[in-house]
Amino acid sequence: MAARKKFSNGTKPFPIRGDRTNYVNLPHVIAMVGLPARGKTYIAKKLTHYLNWIGIKTKVFNVGEYRRLATEAYKSHDFFRPENTAAMAIRNKCALEALEDVCTWLTNEGEVAVYDATNTTRDRRKLIYDFVCEKYCFKLFFIESVCSDPSIIEVNIREVKVHSPDYKDSDKEEALRDFMQRIEHYQKAYQTVDEHLEGAYSFMKIFNAGEKVLVHRHEGHIQSRVVYYLMNIHILPRSIYLTRHGESVLNLKGRIGGDAELSARGWEYTQALARFIQEQNIPRLRVWTSQLQRTIQTAAAIDAPQERWKALNEIDAGICEEMTYEEIQERYPEDFAARDQDKFHYRYPRGESYEDLVARLEPVIMELERQENVLVVGHQAVLRCLLAYFLDKNSEELPYLRVPLHTVIKLTPVAYGCEMELFKLPIDAVDTHREKPKNCDLQRSTEDALQTVPGHL
């Protein structure tokens, strides 16, 4: 081994923990820890959505899915009894298969893999550490969800009972009894992550859905982003409502951007929206709008506390503000084609791209995750970005998500994903959605360029 370089100016060499810390941008494994019904899968999926949304390629590997593929239909809690050696062998085999797939994926293409399992013993965590850090030289970060609040556990159990694939055809009361016994089996062997006995590991412990957080030896940019994000989310039930402003006078004319007032039908929508929200009887609702007048006007009749966010303003179209698509094609045909070729990354001259918009909206996402029930009255591009986060859509899908006018989108985060409901209110409006045209070439004809432009006055 080569001698360590001496520093004549008195500075110390960068601390080295084995050969792997010579590298900074290593793939990460995030391993969940905790008993069933502590929100691990919810946290794993939310974290994956967030990291993908900010451009870090992330994937969840759920050991329960491996177990379901390796066995026949789920029968009972007996499968999780520590004394059931045959079942234990299957569970261990599935855990290792998932871990191998994690490392293979990270070796080939990924940046962060979330290993979603209970990992409730020190022996299991040592196995993960040896496999991930010693064999593959990746970085490892444990996230433990600890819960002692009976009300939170009850909510989580109800979520799992309803949404878990293990109980999809089961009687609810029978599923509850079985699941409670499954938890008891895990409790017998459960060893919480210990900062003294496992002090070499990087980990984060979340107590009672964010009531308290302990962070130990977190390293680098990705782990810092993970900690920052998870300190802002909670796993308690709530819904997020999204709607665009009512139809504006510029929508009628097919013009993008600007700060126009509502059209006559847009004003009708403000009343219809207020009635809809009142009928929903949403507890402790908060309303967020942009600082543009069409969203403020749309929310004016709603009886709830309201906040104006500059970050929720529509994407800045730069030199193309208040132009029609036809005018953009006529004056800037190369820009019009370039945006069609890569709509997520294309930046309007003196304006923004969808990529810029995602960065601008990150504080909004953080605050949304801290809230209970929220109605966001926003704009087409902004709501596309928010929808992509909650529904885990990639950068190619994001700019083409449909967000029609005069429609309320209800998002309800659940343990195994996010449920979406659409409520089309009975007020007509123009269609502003433009699909990606088949021909995106720079030398295309005007007819091809305008093929998918929606109709307008």
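Keep in mind that glycine also has a Cβ here, set from the backbone N, Cα and C atoms.
Curation plays no part in TrEMBL annotations; they are all automatic predictions.
Database features (TrEMBL):
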- His245: active site, tele-phosphohistidine intermediate (ACT_SITE)
- Glu330: active site, proton donor/acceptor (ACT_SITE)
- Arg244, His245, Gly246, Glu247, Ser248, Val249, Leu250, Asn251, Arg294: substrate binding site (BINDING)
- 23-236: domain '6-phosphofructo-2-kinase' (DOMAIN)
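Features per TrEMBL, on structure.
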residue	record	CB count, 10 Å
Arg244	substrate binding site	29
His245	active site, tele-phosphohistidine intermediate	29
Gly246	substrate binding site	30
Ser248	substrate binding site	29
Leu250	substrate binding site	21
Arg294	substrate binding site	26
Glu330	active site, proton donor/acceptor	14
Check: Hey, what's the widest CA-to-CA gap across Arg244, His245, Gly246, Glu247, Ser248, Val249, Leu250, Asn251, Arg294, the substrate contacts in the record, in Å?
Finding: 14
Margin query: In whole Å, how far does the CA atom of Arg244 (substrate binding site) lie from that of the residue listed as 'active site, proton donor/acceptor'?
Written below: 29
Margin query: Tell me the Cα distance separating the residue listed as 'active site, proton donor/acceptor' from Leu250 (substrate binding site), rounded to the nearest angstrom.
Written below: 19
Next item on the list: By CA-CA distance, flag whichever of His245, Gly246, Ser248, Arg294 among the recorded positions is nearest to Glu330 (active site, proton donor/acceptor).
Entry: Ser248
Notebook entry, point to check: Under a three-state reduction of DSSP output, how is Ser248 (substrate binding site) classified: helix, strand, or coil?
Noted result: strand
Next item on the list: Give the sequence-ordered set of same-chain residues, not counting Arg244, His245, Gly246, Glu247, Ser248, Val249, Leu250, Asn251, Arg294, with Cβ within 8 Å of the centre of the Cβ atoms defining the substrate site.
Entry: Ala260, Leu262, Ser263, Gly266, Leu405
Item checked: Inter-residue Cα distance where the pair is the residue listed as 'active site, tele-phosphohistidine intermediate' and Arg294 (substrate binding site), in Å -> 6
Notebook entry, point to check: Roughly where does the domain '6-phosphofructo-2-kinase' (23-236) sit in mean pLDDT, to the nearest integer?
Noted result: 92
